[in-house]
Amino acid sequence: MIKSAISLKAHAKINLHLEVLGKRSDGFHDIVSVFAPISLADELLMQRKPDRKECRVLSPLAELPAENTITRAYEEFKNFTGISDGVSVRILKKIPEGAGLGGGSSDAASVLRGLNDMFSAALPEEDLRAIALKIGSDVPFFLGDGAAVVQGRGEEIKRVSVSADYFGILIYPEIKSATPRAYSLLGRKESEILNPAFNPELFCGKDCREWPFFNSFEDVLFNEYPAIKKAKLDLLKYGADFALMSGAGSSVFGLFKDEKTAKNAYSKLFAEYPQCFFFLLLAF
């Protein structure tokens, strides 16, 4: 049965760990990372439009380019399945752009799942992941639930359990960090062979205060944008048990075991950072 409308939520992710290894011959970089979805999410309403042959995106809160991850998801799904009807997607963007939170990738994955449901295509997970990887390296992760160790360019995904017993605070310092620029600052050479520092899966189940996790982009981006470094230091100053920059920046997050400490930190941080959010880990 073909549905006429579907509502969707596209959750942001944070990187609890992100190690960038060598640059591949295809131009991508190998990574070892721990992705964890969080409660911050974009909201989407997708409607079937039999009188159209394309995807139209309406975004009142944030201007999107004519070609974006949502339109790409529709086109790739259409090419794979042969659907003929168009769709209209209304989206309320809550996830900051250029923040290392995977907002565009999550939107694309949600649309792929929505199209699969709307048109009763019944594509298996394997096919959806193949389509997703054509759109972006992070998109396959968002097709599933919970945290994962992500390797390769993003196609190797192993779901893991991470404690959700934290209160999270996210700061977006309103700096749009371009991923290609961040990778260029790292200066990885093509086919350079680097071994991971450790297996992050061994630490996912531990208390965050015991995590040896890091982000390879921090040093170069902290040097480029001191405001990002300051945001991380402020989180730690106000009691975060663990803090890290997410993705290729520019957002940073802190995890707090104690509710009172988290509340106090938020009240102080929000006064300085307008783009400051409470969040919950959806990593279990």
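Even glycines carry a Cβ here, placed using N, Cα and C.
Features as listed in TrEMBL:
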ACT_SITE  Lys13  active site
DOMAIN    68-143  domain 'GHMP kinase N-terminal'
BINDING   Pro96, Glu97, Gly98, Ala99, Gly100, Leu101, Gly102, Gly103, Gly104, Ser105, Ser106  ATP binding site
ACT_SITE  Asp138  active site
DOMAIN    214-274  domain 'GHMP kinase C-terminal'
Three-state secondary structure, Gly102 (ATP binding site) (per DSSP): coil
Euclidean distance between Cα atoms of Asp138 (active site) and Gly100 (ATP binding site), Å: 11
Spatial neighbour of Lys13 (active site) that is closest, considering only the recorded positions Pro96, Gly98, Gly102, Gly104, Asp138 and their CA atoms: Gly102
Mean of the pLDDT scores, which run from 0 to 100, over the domain 'GHMP kinase C-terminal' (214-274): 97
Between Asp138 (active site) and Pro96 (ATP binding site): CA-CA distance (Å): 16
